[in-house]
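A.B. asks: Once you've had a glance at the structure underneath, I'll fire off some questions.
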Ligand SMILES: Nc1ncnc2c1ncn2[C@@H]1O[C@H](COP(=O)(O)OP(=O)(O)OP(=O)(O)O)[C@@H](O)[C@H]1O
Ligand SMILES: Nc1ncnc2c1ncn2[C@@H]1O[C@H](COP(=O)(O)OP(=O)(O)OP(=O)(O)O)[C@@H](O)[C@H]1O
Ligand SMILES: NCCCCNCCCN
Ligand SMILES: [Mg+2]
Ligand SMILES: [Mg+2]
């Protein structure tokens, strides 16, 4: 044991290899490998009747996606939903997290964190269905606000509801780390609260907000269940993927559609990575 | 921070509204578990406890809960091991590609669940299927663990950054072998981070439906799948509300425990 | 005590409690315009809390804060004409050095051109020309300290508050910065309120020093007053090293009851006259040598002697010696150890 | 230099590079058994890195580390008979004080009973009896420092490495701990290697001092050797305050070419003989007063005078004065500023 | 198109020259393997875990020693997808899935001699286009029903009699009309056009050439303007009709019954044009790992008691003649028109659309199911 320890001490690279081999085997070989195969299969086709995959290179799937207007519309709609959900979550989460981290007494902070975490355990489906009731004709929302009923706005609202805790948590963690002295320095230099918020808090919080947005954005981008429950006749990109794989068994076409959110997310991750967001998750 | 009284009040109001927003639907779930109506007509015209007794008698729900707990524990265990290993590698070593590790680790959670789901599903079928290993609990655990690694990784990484290597060096300096150092020093120090990451990993797995849909084999029904099946069939939706209400109440326990054990940081964790 | 007509700062009956802790337990103080005023005291004695009440980060539990004759007790920090240099500098990490320095002007809507000019000038005054484009993270400790100073000074406040601004620097750098700070204060001529727990720093830099003890001011005065005529054994012990004699020892040495203090540098070692004792230790310290002498009277005394041109040590370990001092350097310490000082 | 047959530590050609940075650029050194050895130097000069190579936390890029004649260069820390007191103490926060102290014995499988006994004893030796049940978080800085010391000493290492163990303490406490440390070292009699950047600390505590500069040792010797006979202007400047004169000034003052240094405490102020100049500043510092004098020869000199019993300041600001010194206190600094010292 | 390029072994010609992979049926029944993996519609396989009194699985398990693992599928397409995994032994396939499974080689012919209850199945359900090829049966018929038109009696006046109610661009119920969320719903439009646009010459709503298909798609795109939401699960449908989010649209008899039972003023009709519908068939996987248990299950599920249980719980017409005597509600068979062949004459059961038109036309190519799927995406927009 000690001899091994001593040997490893002299060979840090071996220690590194030991640490990395299993995770990389899992994430690179298994996960990325599976993804790669999936993306490759986007170039295959399927026998329309028997559903057998035909392993023959073809750009047909992509041609359909690029030429049929509906795919562009759905992609843009999904992007819009993901962006809107993210914006709503930021707008709601930042003041809440700020209250939790900087205003609430240390004792109640405890309970507030619990209050934010607890809903994560209530089933996603059940919550979506609860919203279906809230949004129904003559239901509570309809009675109180006269809408919005089922449809795109409802989808955005409910998705924002679903992922809000995922935004609050990293923002809260970021704010907790933000030294009070920075806020005091800002006030000391003449800035009112609003100014301090815009010029000091928000910029420093950006990585945390991006971290939260990875959740709100990606979970919204891929969702197909909430939209079925409260989306009225709306369809999003997740529905198309699901319709083609879960339902129509057209893996190649589903894979081709799936490249769209994958591409969007990879670009998004690369963009926010520069802010340090990936460290704030 | 020095805030004017109105600003404080405004923030307090936003917090209250936010909590209302979060809790009204949950309250509705609770009320509807007593709603005499099968598809929750609003407002409820009669109240009943019959869904609660139906739920109590529902073996399927109990079985599914057990399955979900098993899957969650399995996925969490794997995520704890893998996430910790990567966090150590990234924090303690410099190596080529180190900067892309964080990207690799978030990818499974950042890509839509359906993509992860179908990728793993088709890979499983073509590789494991050929080996004669069919999908079941194990494939669910594999799928969940893949996207749970990130929560452990992030929590442990943050903790390692904060604690540095000093204490481990002190331990080695005092004569402890690598294993002893891990057991007596490193592990106790990252324990609360593991708890926070593990809790979140478990929660993610526990509520995952999309990836599960594609990775579950026949005969394995997790709670979300059970809920999905039952929500969409007659007479059963109210029972689902009972189960959900019970879950909400029960969930306070692990969250509270984690907070007790590991301090306020833990529960918050890093998603 | 200095006579002050309209002081830059006047604190009256200032108190602050945190729950059961009385962090500041009644402070009255007036600080004159243009003074370099230090607050000295052990950890937890309330220095920072007083400073924070002057800046407006903390509301007093009781008492008032006046700045230039105006009661600002309940005004927000951004409504007060004071600026602070924080112990951890509190530089905005997401802004460049120049942006940090410009910040106060920007929020006060000073035109871009003038802003830039004044910021550059402030950076120059702390000898940081050309560093404007850097981020604080890319600066050394001493440089950051100067950025924090420039960021405060550029607003031309009436009063500058500095909370242990040199605490995080290493010794050499700290000494350099002490000199620089003093020079800058002289140049700009504004009131500095300087918090430290380093007595050397307080003594060398300040016009006046307030010594804090447990939320109260134990003594206020010039460096000399505080060092040479401590009004309590706490002050005698905290400001500089002191030989404090009590009880029987006092009676033997001074033929009187009471508490007496004699500074180590005021004691002479002589061969035959004075209080007899044995040298317990001789410690060479470069510029000085310290002799620890066990007095026959029953106490230990430290004697410090400069290693002057005449070189040789005054005594060796184990040697019998006699200690002498002048009566004027015997400080009798009043029996009431703690009292509130009024400025 | 001391003659050492089998030194406790011998470093030969020790180097360590971090990428492009040569943290340690060739160090040869022998430290005798039982020595109190200090490493002094500015921030970044490589002191910590050398210590870490001795402890085994860092593998040298080149060179060897011998402990008591045995080459341990490639051994793991837990295979070396040295212990370290870390700058931030590195106490295990999740263990009690006693558990911390017991740790080294526990991992070496010392029986519980003996372990407990030795730990209690170690705590007693640092005057912390009865604190065993506390957590480190509930201890003050000075107490933590002593726990760290006990935790290392309990293992009875051949060598104790201390990396700025007093750096985090405030001045008063620091002075106290300096005395205690020295006493403890004398009692246990093991080799201490003490890293600091505080020259006062190094001078007063050590048998020998190594002055580091940019990854190399600029000079090794006793406190007096290093202070009174610096071998480079770097050492002269870093160890104590020094007046360094060069070029024309040297020619005027010493009638010779070269670099010369005179310590401020070795200079006398006199009315009429010596180098003429004007007092630019008089700084009262309690035990001493510092005079800054602008010499007519074209340089600035600092003179330090103890505020002895004879009280009155020697000169006032603006006054014309003359400075004198003895020839024996003029230190001529060799022209090659940096060289590697061999012990 | 997707002609049969399979070559090789084939047994019999499928629609338009498609060939059916040659798969042997089970020759004789052996001992049960201990478990059986089932894909089914929600409500088809109940083991009492949902409701203690609803259980036709536990008895089967005890009797045969075959443990039933059930996987519920939401749509026919999902069923096909699941069966393709090869992990399941039996499936309750609707007509729009069954042919795909047969021609895909995913299911095997069924040896009806091994099913003792097969003889009691309504003749109208045996050897149909969706459950047999060239007279070779591929399964045991389970039950059937029609996709009806449901409306709220309080808002939709006068009561509709025709599907035109859901296609009328000037409908007063715009935004509150609902339709089934599946590509197969294109057939509903085709059926309507078959009756209202004779010039299109539609003979079978599942055999649409380019023009016919385009007309159906256009009609549905137009209808999309009227739609509030598409439905595929029936809790959603019941809730929408109760709340009034939907007032008019397709339904299943069971949904109507539930909605009524909850006190909502709804009515369902079989419109004058007739309707689409489903007839489900239990089929056995070609790769079944538990073929004996699968046969035992198929025989069990069409037995009078179990068949009656399913039909009542799910709300459809049973397939076994003797089931009508076993239902708790003596009127069940009447309500669901179980014995009313005339009623089912008007019903076009779901069938998988193929490139080779299944109405017998040889001169044109029809749109196959993948075209229907992609069109459905476009329709929803
Ligand atoms: N926000 C607070 N909440 C509770 N107690 C506080 C708070 N701020 C300060 N205190 C307490 O008030 C007392 C005075 O603290 P203060 O920071 O003013 O001392 P200080 O003289 O600045 O000490 P130091 O030299 O350590 O900075 C201490 O006992 C401290 O623990
Ligand atoms: N792990 C490391 N990676 C890269 N550079 C390092 C590392 N450790 C030390 N260095 C560099 O090596 C040089 C010497 O550092 P070291 O810590 O030994 O100095 P030091 O004399 O102990 O300084 P200080 O007084 O600030 O503690 C510095 O330039 C430092 O930045
Ligand atoms: N890519 C997998 C995403 C998993 C996230 N599931 C969220 C479930 C909601 N609690
Ligand atoms: Mg303070
Ligand atoms: Mg160091």
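Cβ coordinates are placed from backbone N, Cα and C, and glycine is handled just like the others.
According to TrEMBL, the protein has these features:
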- B:9-31: transmembrane segment (TRANSMEM)
- B:65-258: domain 'ABC transmembrane type-1' (DOMAIN)
- B:69-89: transmembrane segment (TRANSMEM)
- B:101-120: transmembrane segment (TRANSMEM)
- B:132-153: transmembrane segment (TRANSMEM)
- B:184-203: transmembrane segment (TRANSMEM)
- B:209-227: transmembrane segment (TRANSMEM)
- B:239-257: transmembrane segment (TRANSMEM)
A.B. asks: If we skip the immediate neighbours and take only residues 6+ beyond the ends of the transmembrane segment (B:239-257), which ones have a Cβ under 8 Å from one of its Cβ atoms?
C.D. replies: 26, 29-30, 32-33, 35, 40, 51-52, 54-55, 58, 61, 65, 199, 202-203, 223, 227, 230-231, 267
A.B. asks: Taking a Cβ cut-off under 8 Å, which residues six or more beyond the ends of the transmembrane segment (B:101-120) line up next to it in the same chain?
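C.D. replies: Contacts of the transmembrane segment (B:101-120) (Cβ under 8 Å, skipping residues fewer than 6 from its ends): 83, 86, 89-90, 139, 142-143, 146-147, 149-150, 153, 204, 208, 210-215.
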A.B. asks: Same chain, outside the transmembrane segment (B:209-227) by at least 6, Cβ under 8 Å from its Cβ: which residues?
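C.D. replies: Same-chain residues near the transmembrane segment (B:209-227) but 6 or more away: 60-61, 63-65, 67-68, 71, 112-114, 116-118, 120-121, 124, 134-137, 139-140, 142-144, 147, 240, 243-244, 247.
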A.B. asks: Short question: most Cβ pairs under 8 Å with the transmembrane segment (B:184-203), which of B:9-31, B:69-89, B:132-153?
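C.D. replies: Checked against B:9-31, B:69-89, B:132-153; highest Cβ contact count belongs to B:69-89.
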A.B. asks: By a Cβ-Cβ criterion of under 8 Å, what residues six or more beyond either terminus of the transmembrane segment (B:132-153) are in contact with it?
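C.D. replies: Distant contacts of the transmembrane segment (B:132-153): 67, 70-72, 74-76, 78-80, 82-84, 86-87, 105-106, 108-109, 113, 116-117, 120-121, 124-125, 194, 197-198, 200-202, 204-205, 208, 211-212, 214-220, 222, 269-271.
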A.B. asks: Are there residues at least six beyond either end of the transmembrane segment (B:9-31) with Cβ under 8 Å to its Cβ atoms? List them, or say none.
C.D. replies: 3, 44, 241, 244-245, 248
